[in-house]
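Data block below; observations after.
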Amino acid sequence: MPTNTPSPPLLDVHDLCVSFTSRGQVIPIVENLSFSIGEQEILGLVGESGSGKSVTAMALMGLIDAPGVHVSGFARFKGQDLLGLSGKQMRALRGREIAMIFQDPMTAFTPVYTIGWQIDEQLRAHQSLSRRQARTRTVELLGEMGVPDPANTANRYPHQLSGGLRQRAMIAMALSCNPSLLIADEPTTALDVTVQAQILDLMRRLRTTYGSSVLLITHDMGVVAETCDSTLVLYSGRAAETGTTQDLFAHPQHPYTAALLASIPPMNGPRPTRLPAIPGAPPQPLERPTGCAFAPRCTYTHASCLPAPPPRFARLARRIRLPACCPRKGIPSPSAFAPAQHLFCEKPHAVPFPHRAGGSSSLIFRCNAAFAGGKGCLQDLQPQTRANTPGGRWRLLYRYARRGAGSCRGIRLRQVHTGALPAAA
Amino acid sequence: MIMPLLRRLGQTVFVLFGISALVFAVFFATPGADPTARIAGRNAAPQTMEKVRKEYGFDRPLPVQYAIMMKKLFITRDLASYANRGELVVPEIMRAAPVTLSLVSGAAVIWVVLSIGMGVVAAACKGSWIDRTLMMAGLVGISIPVFWLGQVVNLITQNRYHDTWLFSWVPGLGYVPFTQSPCGWFLALVIPWCVLAVMFVGIYSRILRADLVAIMGEDFIRTARAKGLSPTRILLRHGLRTALITFVSLFGMDFAQLVGGGALLTEVVFGLPGVGRLTYQALNSLDLPLIMATVMYSAVFVVLANALVDAAYLFLDPRVRDAH
């Protein structure tokens, strides 16, 4: 993909860091997050609770004003840096250019005013409209959002509406000034599945009807698959993986993404007795390892993951797949996870850790102690030996030898054929 | 909208009945005490005793006694104080009520305006020295006993510095009816107003600040900020408007109990012939009919104010409106 894309992205976030100071300690919440959203694109921001999704959105909106919170980085939106704007400039942008929808429509409206009053208020804050004009527009918006009897609904109080209606009203309010970017912070979490589907449908249609880009924050992979063009997986305040949704779901590159996908019940095939779960819990912000934050829970931890954070990916161009720690090819896809362990655990062997190795399509496997001790691996891999491994057939390129011919710390394999997985031996 | 108000009115009448029965029972149906002797006063002649017994029906069953008492209080209004040589009690209260009402209303205006101002400013500057100073001032206001403050103010304005330019305008203690001289009324009351308001300013500003700070952390405030509204508008139209619900209910209760005689100390200190002072005198001379009447008057105000607060709720909080 060429580096000079024809139109610059609508929002280009670079190296966003959010941290706060507590008892003299600086606690990082979001670290070096970079992403971009193009015109009319829907970007999904996925992660567990506490991974920093909402904080990212709040930082972009300039809504974090708690004392001791430090936001750094760069967020170019339509030519201006969001993080460097004054309060007044930011206010003019909020609600007009960037609008936000919140998770819980039950508490997001001021309880003492009617829905219509609150939408009018936003309209009149940014446009010079008379009361009557504002109300006409409000009713129109509510109607477009699929609210039945919009003129009457506008005169109702938030508590008189159902959750779905409230979220529609929320979206209507967010869209009232035709924002170019809509940040939706878990817009469907508090809703039941049918309403959720309707709301998602509504959001997908926004880009054609309103030309809006959407930053969709969610922890629901299903929502992402259904809605987003591209996806950014966040783990413990750091980007784990980014790419187009299609690509990311088909070939997850980061073990965390793969594990997340693996924990979704399969729609076809035999029903698993237990869904795979990721053991452990995300680290507390202060206890994040220096290396890959996921390393303590990862089955594929490699020595090179531990000492330093994963290499920051070069921003070549938008939509290019830039995994944080995995090879470009040779995929630890969810289905490959279990057999991989099985295959390699039968005998003294190399612990499978697919590691990025330069630009070649080869994989480095870390050896476990037994293998390192020279007892052999995969029936004594020799140079030019072919081995069946997850993801295809591999040819041993070389061993990483260390002190003595019999022992090695790693082996390097080259994929020679992408075939079916061998049955677990 | 009308039905809940009517229903509330019905409840009010019921509560008033309960209170009147209770007060009646305490004063007139206590076993072992003869209400006749108490009403007639100390060392009354047997003829007077007989007259009182007949008049109040103390030789008849309790419900009849209660009915007679209520009739005397509310219908014929000829309940008379024997301790005070036949002074009619109800007109006496009616004369005292405007004084109390003037005192409390003026103080209420001061304390509402000041506490809203202080609470909002403190919440807006949360954590700064302005916030701390205002809240400290509020705490001082709460801690000062009103009778002490009144006496000190009297000492300064009436005595020590009365002849200086600063306080030469202060009239002597007492009350000037509004109809007689609006200016005199204002001058006579302005110091008692301030003294009475001091404690309430402290309480209300602290409560309002706490409420506002809590509300500013709510989701809907975040929404309001995301809409791009100005901080002032968010604080006043969204924050303060929501916080007013608690504020109004508190205000209703305090206002009612003050009008009902709770401003007793202020009235006594400043020599204002209000209901509180009347109660104080009645208690001093153990004037049963007067006590009965002032307690009933106070109860009526508290219950009515309660009903008014509930009515105000209906306007302030749409959620309450639908609950009925």
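Keep in mind that glycine also has a Cβ here, set from the backbone N, Cα and C atoms.
Annotated features in TrEMBL:
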| type | residues | note |
| --- | --- | --- |
| TRANSMEM | B:12-30 | transmembrane segment |
| DOMAIN | B:97-309 | domain 'ABC transmembrane type-1' |
| TRANSMEM | B:99-122 | transmembrane segment |
| TRANSMEM | B:134-156 | transmembrane segment |
| TRANSMEM | B:185-204 | transmembrane segment |
| TRANSMEM | B:243-270 | transmembrane segment |
| TRANSMEM | B:290-316 | transmembrane segment |
Contact ranking winner - B:99-122, B:134-156, B:290-316 against the transmembrane segment (B:12-30), Cβ under 8 Å: B:290-316
Close approaches to the transmembrane segment (B:185-204) from elsewhere in its chain (Cβ under 8 angstroms; 6 or more beyond its ends): 102-104, 106-108, 110-112, 114-116, 118-119, 137-144, 146, 149-150, 153, 157, 169-171, 174-178, 247, 250-251, 254, 258, 263, 266-267, 269-270, 272
Long-range neighbours of the transmembrane segment (B:290-316), counting only residues six or more past its ends (CB under 8 A): 1, 4-5, 8-9, 11-12, 15-16, 19-20, 23-24, 27-28, 69, 73, 79, 81, 83-84, 89-90, 92-93, 97, 244-245, 248-249, 251-253, 255-257, 259-261, 275, 278-279, 281-283, 324
Within-chain partners of the transmembrane segment (B:134-156) [C-beta distance under 8 Å, separation at least 6 from its ends]: 118, 121-122, 167, 173, 191-192, 195-196, 198-199, 201-203, 205-206, 209, 265-266, 268-270
Distant-in-sequence neighbours of the transmembrane segment (B:243-270), which means Cβ under 8 A and at least six residues beyond its ends: 99-101, 103-104, 107-108, 112, 116, 146-147, 150-151, 154, 173, 191-192, 195-196, 200, 204, 207-208, 211-212, 215, 276-280, 294, 297-302, 304-306, 308-309, 312-313, 316-317
